[in-house]
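J.: Sending over a structure as structure tokens; questions will come in a sec.
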């Protein structure tokens, strides 16, 4: 089995001092910042209000696609953090209190072997989510259903996802003996899609807007401000070093619930720029920037609708993957699409954009689809994102939050009849 790195260095605090910039942490944000009511009670639920005339409806199937819980930084991120820390130790000078605090009181505790592994907070993220979902849908999610084999688990092979899956089960029972299937074809489809890998993931020109923004005036101003606050030469604080400082703040809060001194380097305007830089990268690498980004999730899309159609023997399917699993699927479904694409030059115009990963994709982010039998052969489908009702883009009306399942299938008919993973992901052959 793959164990969780011991969490002796991770402190839990009853009274969390939330950084002022916590709502801009993108995919490094805590689930509680998306659902602030959880600060008071981590097991609190807000039951979705069913539309009028839906009282007789009974939930019969639930599919949950969940991002893993809070994790350590990747080894690459950690190397950047270590480099920044050395710059501050050896190149910064002055009597500024913040600088002194970083130099004398803060220590570099990240090591490369942590490399994205689940932390204790991440274990709790999934345990708590399981409890909350069991309170929301007690007829479908319970220890009895788990023991009876009515809940099916699928996970990415990555350790943080496997351990998140085990943690979800532990939220329902302390017996960690239930079977789960590792399926990277479903949960890491982005690795399997050759066209996506070649045209986007390994292609620098696919993210040219991201690189332009890194060198643009907004980011340059942030870098200069960080260099001035750290009392180092401007040339030492590159975009990577600025991002490392931002990540140090985000990870300290996510893992330790700590308002790190690194957070004091950024004001709200700086944080908005850092958030946009990250959203820009996600937009062009996983979102609407390229058609293949969303089409790479065709295999997961069809799997999801296949189980809803068949109403298979499992009452519940729980699938644990990554932010890179959820975002292409949300994009394929049409969520969070703005009228104008995110680019390197329209930062100011995108202040009120829908595409904001800080809101969509915190640790333990989840898309839940609940199928209801409303009698007389009437099936309805309710989508929830991070435990909050959402409506399928393009579906309107008084019961849009819980539309007829047939209407949903009609709405996505083009994808259901096409969106073939093998076809979409094959490499185009260029004429000789």
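Cβ from N, Cα, C; glycine included.
TrEMBL labels come from automatic prediction, so no person has curated them.
If you look up TrEMBL, you'll see 57-374, 249-263 marked as disulfide bond.
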J.: Identify which of the disulfide-bonded residues 57, 249, 263, 374 has its Cβ surrounded by the largest number of other Cβ atoms within 10 Å, counting every protein chain shown.
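T.: Comparing the disulfide-bonded residues 57, 249, 263, 374, the most crowded Cβ belongs to 249.
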J.: In angstrom units, rounded to an integer, how far apart are the Cα atoms of residue 263 (disulfide bond) and residue 57 (disulfide bond)?
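T.: About 48 Å separates the two Cα atoms.
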J.: Using Cα coordinates, what distance in whole Å links residue 249 (disulfide bond) and residue 57 (disulfide bond)?
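T.: About 45 Å separate the Cα atoms of these two residues.
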